[in-house]
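Per TrEMBL, the features are:
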type	residues	note
TRANSMEM	47-66	transmembrane segment
TRANSMEM	78-102	transmembrane segment
TRANSMEM	152-173	transmembrane segment
TRANSMEM	179-200	transmembrane segment
Amino acid sequence: MAQPTSPTDRFNAPIARVPKTRVAYDLPPTIKSIQAGWQATFQSSSIIAALFTVIESILLFFFSNIPPERLNPDSAGGQALLVFTYLAFFFSLSATFSSLLLTDELGEVQVRAAQRASWLGPPEDLVIHEDPSKLLTHYGVRKSWRPVMWHWFLMLVLGYLCVVGQLLVYVWMLAPKAVAIAMSCVASICLLPLLSILPFQ
């Protein structure tokens with residue numbers, strides 16, 4: 001005797017939708033250039049930020065073991081030194097992680113673009129009026145990459161400023177006044193490249 005069938009048996013089980021990948025697809029030269037530029041930036045920054053993290057962990061141990069007769073840990077200078085050290089450590093650590101996430105995100109552009117709809121069309125016929133950093137979103141980069149990019153940039157800049165501030169506090173607390181003044185001038189020169197990120201040029 002045939003088994004009774006329920007109404008739900010008449011419907012097929014849902015089939016998982018697997019994206020079609022055009023294996024012969026190649027990114028346009030402009031997109032390749034933008035991708036390669038950002039990848040090189042994020043890869044190099046991850047190395048630099050990781051080095052800063054290691055250096056700050058060593059400096060944290062060093063500053064914590066300065067004899068009280070040389071630097072009073074309860075003084076304003078001693079507390080500022082520790083604050084700058086902790087901030088530089090956490091900012092550098094965050095910048096390292098963010099740059100690794102961004103490097104991985106850009107590494108998947110080729111595959112995601114190959115799975116995009118055919119509206120991308122031939123590169124010679126495609127004109128997109130977008131900011132260069134936004135162009136990548138048309139080729140598979142998730143929109144969340146821009147907030148992560150700004151987070152990475154902010155952490156990197158703040159970490160750099162904390163390192164400079166940390167060294168200046170140390171010099172002014174323990175070095176002769178002439179050395180402290182000279183190092184302050186050097187620090188001012190080191191901060192000049194940051195002027196390029198200001199909105200007014």
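Cβ from N, Cα, C; glycine included.
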Contact between the transmembrane segment (47-66) and the transmembrane segment (152-173) (at least 3 Cβ pairs under 8 Å, separation 6+): yes
Residues from the same chain, set at least six apart from the ends of the transmembrane segment (179-200), whose C-beta lies under 8 A from its own: 157, 160-161, 164, 167-168, 171-172
